[in-house]
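Per TrEMBL, Ca(2+) 1 binding site is recorded for G17, D79, D80. The annotation Ca(2+) 2 binding site is assigned in TrEMBL to D39. Look at TrEMBL and you will find H368, H373, H551 tagged as Fe cation binding site. According to TrEMBL, the domain 'PLAT' annotation covers 2-118. What TrEMBL lists as domain 'Lipoxygenase' is 117-617. Taken from TrEMBL, the feature site 'Essential for stabilizing binding to COTL1' covers W103.
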Amino acid sequence: MPMYTVTVATGSQWFAGTDDYIYITLVGTERCSERTLLDKPLYNDFERGAVDSYDVRVGEILGDIVLVKIEKKKYWVQDDWYCRYVTVKTPAGDYVEFPCFRWLVDDKEVVLRDGQAHLPQDEKTSLVKQHRQKELETRRKTYRWKEWQPGFPMSIDANRHRDLPRDIQFDSEKGVDFVLNYSKAIENLFVNQFMHMFQSSWSDFGDFERIFVRIKNTISEYVMQHWKEDFMFGYQFLNGCNPVLIQKCTKLPDKFPVTHEMVSVSLERDLTLEQEIEAGNMYMVDYKVLDDISANTTDPCTLQYLAAPICLLYKNAQNKILPIAIQLGQIPGDDNPIFLPTDGQYDWMLAKIWVRSADFQYHQTITHLLRTHLMTEVFAIAMYRQLAAVHPVYKLLIPHIRFTIAINTKAREQLICECGIFDKANATGGGGHVQLVQKGVKSLTFRSLCFPDNIKMRGVDKKEDLPTYFYRDDGYLVWEATKSFVSDVVHIYYASDETVQGDEEIQAFVKDVCSFGMQDFDYCEFPKSLKTRAELIEYLTVIVFTASAQHAAVNFGQLYLGMYPDEHFIEKPVKAAMEKFRKQLAEITSAIKRRNEGKKLPYYNMSPDKIPNSVAV
């Protein structure tokens, strides 16, 4: 009797193993095998991290193996199982790989395709076409859109993390990491000892300094020594946690009536203010989106306030960016003066602190939450709904959306919900953060997510103008490396622009993002279709870059970009493209390390070895 050898790999995460019964059915082009129990006598099958092999005997050769059906049945109590992959060795000695990377919960079955990526128009048999169609129909019922707040990008239809499909929930140890990391941060910052200060006024700057006494590294110590100085204030607009707002000032707006007489003492080139503007030496940051946002009134005993400042910045002869004028509101007048460095020491310092406060609100709510987390969730939901697991773009994107829906659901459950952490400790809590996202969405166009376009739109694209804008320089390198990798993958599977146009799943994916995820907002300008390979490459680069590099630049840094532990792709050309991508990223990492040598304020946020694959990894 012909014999097929089946190898099954169990995940290595906590509780991945199972004691339930596991059955397998091999589906070939000629016939199917019998439903076979995978079990070895006196052996503990499917343990965590195990790779187990079994023999499946058949009466006749099955033909080419195109599907593998795996079933899990309860043994004693329900015992979830995480299957990484299945491989089948045929009687002829050939190996066929079937990636899985999913949980089998309750009495569940999954049907796997072989690891070869296929576009929908390339499917040859009715059997695989039906499987593909059924997979997507099931996913659309499982991954449903929901409007969490009016005017927000759409999110997943789940109120709590535990309501999510098991495959996109945090792994057990990831959930533990989430709690431990939060606890560690609280411990490191002594925040528990200062929580009462978030609900009352602080008495002096020493309170602020004592919070960070336990953060010991070269950068933090340097910042603590110089945070009151103008050069540090300006530097943060270039390479701080929110380096996305500074823009070239080509004309002072009427609402910000700064005159030459006001700032002449700050100018160094014997030019008038108008001449400095014409020479390209003036920059501006405008927090107009914060105007009319409601301040937090959660605690009636604590008054909280918000400003919507405008800040004028000057590039001096040493190429340092310095603040030279600050207006804390959007409407000029006697009750809204323009603060200058020549004012009293504490007046000027407090004006800068108000700008930093506004910057924090914008950063956390728009730059970080909206433009990385919520946008990546939109792409993730549309991917699950419209791209089959065998689609090459699904395989490309899945590492970059990993746990995104889970962490966003946790945020809606605990962080930005009513009575959540935002309400307790944030001036935009109590509903202001919702208003801020609603206003921020109105400037969230597709082009604004394209890194080079965003940089150019703000007039900060020339290195000679801002030689120390490392966020821009490193971002360009990572964007181009990512785009090159995406281009390699796209050209492997799409022979022409017509192939893109004929890919019904890609077209449905793009339309789902715009029409449902972004709710067809008039101002979002997201494409509803893609006509060329170039358009597809740019679109996918936006997704990967937003979820990885952009999020890292405005959040934190750790390792992973270019590292794909779950092997969804099996094709050698794609693996070669991955290796090329890793080499490019390694070269960028080395270049950034060399650039940073000897700097008192090195910039690492866009270094590939600090960039996670997704917003939640």
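Yeah, the Cβs are placed from backbone N, Cα and C, and that goes for glycine too.
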### Task
Give the residue counts of the domain 'PLAT' (2-118) per reduced DSSP state, in the order helix, strand, coil.
0 helix, 59 strand, 58 coil
### Task
Using the structure shown, find which entry in H368, H373, H551 (the binding-site residues) has the sparsest Cβ neighbourhood within 10 Å.
H368
## Note on the structure
Same-chain, non-site residues whose Cβ lies within 8 A of the G17, D79, D80 Cβ center for Ca(2+) 1 are F15, A16, T18, D19, D20, F46, W81, Y82
### Message
Can you give me the same-chain residues 6 or more apart in sequence from D80 (Ca(2+) 1 binding site) with a CB-CB distance under 8 Å?
### Response
F15, T18, W103, L104, V105, R166
### Task
Give me the Cα-Cα distance between H551 (Fe cation binding site) and G17 (Ca(2+) 1 binding site), rounded to a whole Å.
33
### Listed binding-site residues among G17, D39, D79 whose Cα sits within 10 Å of H373 (Fe cation binding site)
none
### Query
Within 8 Å of the Cβ centroid of the Fe cation site residues H368, H373, H551, which other residues of the same chain have their Cβ?
T367, L369, R371, T372, T376, Q550, V554, N555, V615
## Note on the structure
Model confidence over the domain 'PLAT' (2-118), as mean pLDDT, sits at 91
### Task
Within 10 Å of each Cβ, count the other Cβ atoms, then let me know which of the binding-site residues D39, D79 comes out lowest.
D39
## Note on the structure
Rounded to a whole number of Å, the separation of the Cα atoms of D39 (Ca(2+) 2 binding site) and G17 (Ca(2+) 1 binding site) comes to 14
## Note on the structure
Taking only the CA atoms, the spacing between H368 (Fe cation binding site) and G17 (Ca(2+) 1 binding site), expressed in whole angstrom, is 36
